[in-house]
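Here's the structure we're looking at; comments come further down.
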Amino acid sequence: MGSFTKEEFDCHILDEGFTAKDILDQKINEVSSSDDKDAFYVADLGDVLKKHLRWLKALPRVTPFYAVKCNDSRAIVSTLAAIGTGFDCASKTEIQLVQGLGVPPERIIYANPCKQVSQIKYAASNGVQMMTFDSEIELMKVARAHPKAKLVLRIATDDSKAVCRLSVKFGATLKTSRLLLERAKELNIDVIGVSFHVGSGCTDPETFVQAVSDARCVFDMGTEVGFSMYLLDIGGGFPGSEDTKLKFEEITSVINPALDKYFPSDSGVRIIAEPGRYYVASAFTLAVNIIAKKTVWKEQTGSDDEDESNEQTLMYYVNDGVYGSFNCILYDHAHVKALLQKRPKPDEKYYSSSIWGPTCDGLDRIVERCSLPEMHVGDWMLFENMGAYTVAAASTFNGFQRPNIYYVMSRSMWQLMKQIQSHGFPPEVEEQDVGTLPMSCAQESGMDRHPAACASASINV
């Protein structure tokens, strides 16, 4: 396992009843009298560990290989390395990141079917053998650059019901798969298994069933050609937050019977997956500050109703946008919802509003239309479930810097992390079994404890 110490990055250890949202409020309070109200994240590493415990319970036969592309923050990768996950890397840089944390090459799959030759050679020189392919050209490249590679054939799936489709770009058909297996045999390249990806944000769990069935067909083809395949990679597509129509356990309740049917536990086949957003989406909350505001009045409609004819629309400009953290709107089809850092008054009027990023691009719009009470420059908005495909793809367009990330973890989760590193996972440990132990959050975190921040009632967004 990789090492994990809170000294590697600034991770605040939290007291019982002191949550990530309390730290978020505390950070806001710290800059309340300053003009430097930069956007920032609070990321709960304990949430990542809880997701892992949930995974072990829901998919006991499937070893997760975290998709580094989803969120390559060093703290995230360190946490997952420490608890023993594998890693799905798509480039030399991602392999360097993971191996730099002490992860052995056998816990890495180079899961990019279309690789640059120099990066194939890098994988070879650093002991990374598992890698995917879906074409004859890729086979020939690997045969020359990494003849000892252990190849995994990526097959296409029906991803028509996924939010982000992948099978248009990647994956071999069943017909092509046989030809590729025969060609691999001719080239004396070892094919050890099959992989697929049903698309990011899968909305139909039955897609997994068909994909597992297709994988079984390809395994049988491999046997006929002369390969002894022993690895099935079921890819990603698992939800990472609770605001999705399809819940994680709804998917796993369909996957497990399919695996038992087509790849029973005594078949000798190792099963892995490539979850990304599942592990990190809900761990990150983004706080943005309103830097500008504009009021737009609707045109007169001729109505006698003054409220209708003069209703105002409010435009808010905040200090992060689609060129930064909210690139997920453009590239990941995300629909984000602004929450209020301060609780509105019960009788407060709400207005039609829109939220815009800070750049000079007219496309930099975060929310086209929402209903919010009137807010002011200097007020804060919060966006939950912002850990997936946000920080990893953020740019500094127009000179706007990426938000800082403040990492937190409860004392009990920290203790569990250390126990896992020393002795492995405790028997029968489950997500709901993890409580919290009292200690001084100020002592552990090095921050002043604000009474208001430690009151759970103050967190209403």
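Glycine is treated like the rest: Cβ placed from N, Cα and C.
Since the structure is predicted, the reported quantities are computational estimates derived from the model, not experimental observations.
If you check Swiss-Prot, you get these features:
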type	residues	note
ACT_SITE	Cys360	active site, proton donor
BINDING	Ser200, Gly237, Glu274, Pro275, Gly276, Arg277, Tyr389	pyridoxal 5'-phosphate binding site
BINDING	Tyr331, Asp332, Asp361	substrate binding site
MOD_RES	Lys69	N6-(pyridoxal phosphate)lysine
MOD_RES	Ser303	phosphoserine
MOD_RES	Cys360	S-nitrosocysteine
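Around Gly237 (pyridoxal 5'-phosphate binding site), a 10 Å sphere centred on its CB holds 32 further CB atoms from the protein chains shown.
Note: the CA-CA distance between Lys69 (N6-(pyridoxal phosphate)lysine) and Tyr389 (pyridoxal 5'-phosphate binding site) rounds to 8 Å.
In this entry, substrate is bound by Tyr331, Asp332, Asp361, whose most widely separated C-alpha atoms sit 19 angstrom apart. Look at the Cβ of each of the binding-site residues Glu274, Asp332, Asp361 and count the other Cβ atoms within 10 Å; the largest number goes with Glu274.
Neighbour counts were taken as the number of other C-beta atoms within 10 angstroms of each residue's C-beta; across the binding-site residues Tyr331, Tyr389, the minimum falls on Tyr331. For the pair Tyr331 (substrate binding site) and Tyr389 (pyridoxal 5'-phosphate binding site), the C-alpha distance works out to 8 angstrom. All protein chains shown were included, and the count of other CB atoms within 10 Å of the CB of Arg277 (pyridoxal 5'-phosphate binding site) stands at 26. The Cβ neighbour count for Lys69 (N6-(pyridoxal phosphate)lysine), using a 10 Å radius and every protein chain shown, is 18.
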